[in-house]
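These come from Swiss-Prot:
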{"type": "BINDING", "residues": "V81, E82, S83, A218, E219", "note": "substrate binding site"}
{"type": "BINDING", "residues": "S83, K84, R247, G248", "note": "NADPH binding site"}
{"type": "ACT_SITE", "residues": "C179", "note": "active site, thioimide intermediate"}
{"type": "ACT_SITE", "residues": "D186", "note": "active site, proton donor"}
Amino acid sequence: MPLSTSLLGKKSTYKDSYDVTLLFKIPRINNRNELGINSNNLPFYGVDVWNTYELSCLNKNGKPWVGVGTFYIPTDSENIVESKSFKLYLNSFNNFVVESVKELERIILQDLSNVTHAKVTGRIFSINTKVEFGVPSGKNIDDLDIVCNNYGAPDNSLIEYEDVLVEEEINSNLLKSNCLVTGQPDWGTIVIKYKGKKLKYDSFLKYLISFRNCNEFAEQCAERIFTDIKNAISPDFLSIYIVYARRGGIDICPYRSTDKSYTLPSDKRFIRQ
């Protein structure tokens, strides 16, 4: 189905009962073709981490339960889920009776797996769970004194490097793009770990800032950045992790890595989540 038929950017009515048909799928292949990514031979591994903060149902006595959820959609899934449709879908459980939280978890994981055509994993837990905030790992490059004048479209020609090999981790809180459909801002913290030619911090920060008025989904921004770095420095190893600020009760955190046996940099939320 074309994106124009989705609920994103439109006035919507919340359903009174559980409705799996609310989930709207978007094929990954469309955006990947634009980036020159072969969907049959992906240059990366990873997941999209979805943290959801509006989750409720009724127990068998009609008493409400509230919680939060974390779900992991593999990068090799055929589809992603449009975020507003996921929000409406989750809220369709508000008056739905389930035997247990585990049953709710099973239903959601099965529905997401069916829509994305991949095995989605995750968990649901109580809002009374203690949560600690983390900070981005690596060297922060945001305090560099640079002049920026490119906000029209991501400009990979800004990526420069030094002719020296390094293994390092850097981060920035200055990534911003806009939702492809609504134009609402997506604020992101990006953590990059790589082994290869040393990125010049000043030019790379300008590159990240050039996304400021870019209209793309979070997942496509992540894959564009990964592809641009890979093409620029041909690293022996590369991973990127973008932690986006919460919007509409959901935050999306794409992770991409050249390492098949990857581990996520941190399971702690950052301050903007």
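Placed from the backbone N, Cα and C atoms, the Cβ positions cover glycine too.
Feature map: Swiss-Prot annotations on the structure.
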residue : record                              : Cβ neighbours (10 Å)
V81     : substrate binding site              : 23
E82     : substrate binding site              : 23
S83     : substrate binding site              : 25
K84     : NADPH binding site                  : 21
C179    : active site, thioimide intermediate : 19
D186    : active site, proton donor           : 23
A218    : substrate binding site              : 22
E219    : substrate binding site              : 20
R247    : NADPH binding site                  : 17
G248    : NADPH binding site                  : 15
Next on the checklist: Cα-Cα, whole number of Å: the residue listed as 'active site, thioimide intermediate' versus D186 (active site, proton donor)?
Outcome noted: 7
Checklist entry - So how far apart do the NADPH binders S83, K84, R247, G248 get, largest Cα to Cα in Å? => result 10
Next on the checklist: I'd like to know which of the binding-site residues S83, A218, E219 sit within 10 A of the residue listed as 'active site, proton donor' at the Cα level.
Outcome noted: A218
Next on the checklist: I need the neighbours of the substrate site defined by V81, E82, S83, A218, E219. Which other residues of that chain put their C-beta within 8 angstroms of the C-beta centroid, in sequence order?
Outcome noted: I26, D48, I80, F86, F217, I252
Next on the checklist: What does the structure give for the C-alpha distance between R247 (NADPH binding site) and E82 (substrate binding site)? Integer Å is fine.
Outcome noted: 13
